[in-house]
Amino acid sequence: MTTQQPVAVLGGGSFGTAIANLLAENGHQVRQWMRDPEQAEAIRVNRENPRYLKGIRIRPEVEPVTDLTAVLDASELIFVALPSSALRSVLSPHVARLNGKMLVSLTKGIEAQSFKLMSQILEEIVPQARIGVLSGPNLAREIAEHALTATVVASEDEALCQEVQAALHGRTFRVYASNDRFGVELGGALKNVYAIIAGMAVALDMGENTKSMLITRALAEMTRFAVSQGANPMTFLGLAGVGDLIVTCSSPKSRNYQVGFALGQGLTLDEAVTRLGEVAEGVNTLKVLKVKAQEVQVYMPLVAGLHAILFEGRTLSQVIEALMRAEPKTDVDFISITGFN
């Protein structure tokens, strides 16, 4: 990537907008692609994304664009902040334009039909692209408001990691690198499920002991599942694992937490999602994770319990009673780290 080339951000949501602004603050020309011409015009005229980051001033170096072809042709470094459900349909027609380019996924989700992570879908669509992911305890509004933040860029491509670090690293945003792309991305996707549970617990005033128990048992479940799929367990002790889990399960700014909180207040799932007005990836992830955990025979009682509440007609009190009556096992599973870097 040359200094003259603009950096592309695909997606007009809160996180894509925060990253676009951050890139601009670091001196890059940024082209942010979005589907909605009205949204693009609002950003162009008012320098604000009113739907997703209201009150945040968007820098003049960020150019909102609706012509995807032009954006892809002009950029070598492309951050992909598209909803998991839209990634294939948006990018599949543009394979030739993406070959050899650096594609960095910002989306924390899992494809329902295949249980593939976003970077795996990118690899499938564009085998000749250079693929990475960015994940960590990164609430979009806090990034935009310059709260001190750290994240992880993960790829087997060391040069890509260095490019992303150089592009994003700044006064309030620190970028670490990892070669465990699968583990980093899986951590970002799985924690969304547990944020829904945490939001419900807060709405029901369950107490600090309960919240602490939920977060630590969630980390155990996440790690157990991830290791069964080949991830490095040590990744889950870092920013993309426990770091992301803590912030997502503790902050009312988290979209998945907000859905859980609304459910705890008595709203239906449809009502909670409608109130949010954005995609909450944890709801979709829960469905596919429950099936996958059964398929690979990994014990995930919190996942099973939340699924029972949202999709099987069970009440929260029934699920809590079943969870507390289950036989307690070891606190921390022993996982050999032999063979991991």
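Heads up, the Cβ atoms here are built off N, Cα and C, so glycines get one too.
The annotation active site, proton acceptor is assigned in Swiss-Prot to Lys191. For Lys191 (active site, proton acceptor), applying a Cβ distance below 8 Å and a minimum sequence separation of six or more within one chain yields Lys108, Ala218, Met222, Asp244, Leu245, Thr248, Cys249.
Per Swiss-Prot, the feature NADPH binding site maps to Ser14, Phe15, Arg35, Lys108, Ala140, Arg255, Val279, Glu281; the stated evidence is sequence analysis. Just so you know, the Cβ of Lys108 (NADPH binding site) picks up 28 other Cβ atoms within 10 Å once every protein chain is counted.
Sequence annotations record features per position, and here Swiss-Prot assigns sn-glycerol 3-phosphate binding site to Lys108, Gly136, Lys191, Asp244, Ser254, Arg255, Asn256 based on sequence analysis.
Between Asn256 (sn-glycerol 3-phosphate binding site) and Arg35 (NADPH binding site), the C-alpha separation comes to 24 Å. The distance from the Cα of Ser254 (sn-glycerol 3-phosphate binding site) to the Cα of Phe15 (NADPH binding site) comes to 11 Å.
Packing around Gly136 (sn-glycerol 3-phosphate binding site) is summarised by its Cβ count: 23 other Cβ atoms lie within 10 angstroms of its Cβ, all protein chains included. Taking the binding-site residues Arg35, Arg255 in turn and counting surrounding C-beta atoms within 10 angstroms, the largest count is reached at Arg255. Neighbours of the sn-glycerol 3-phosphate site: apart from Lys108, Gly136, Lys191, Asp244, Ser254, Arg255, Asn256, residues of the same chain with C-beta atoms within 8 angstroms of the site's C-beta centroid are Pro137, Gly188, Asn192, Ala195, Val247, Thr248, Gly282.
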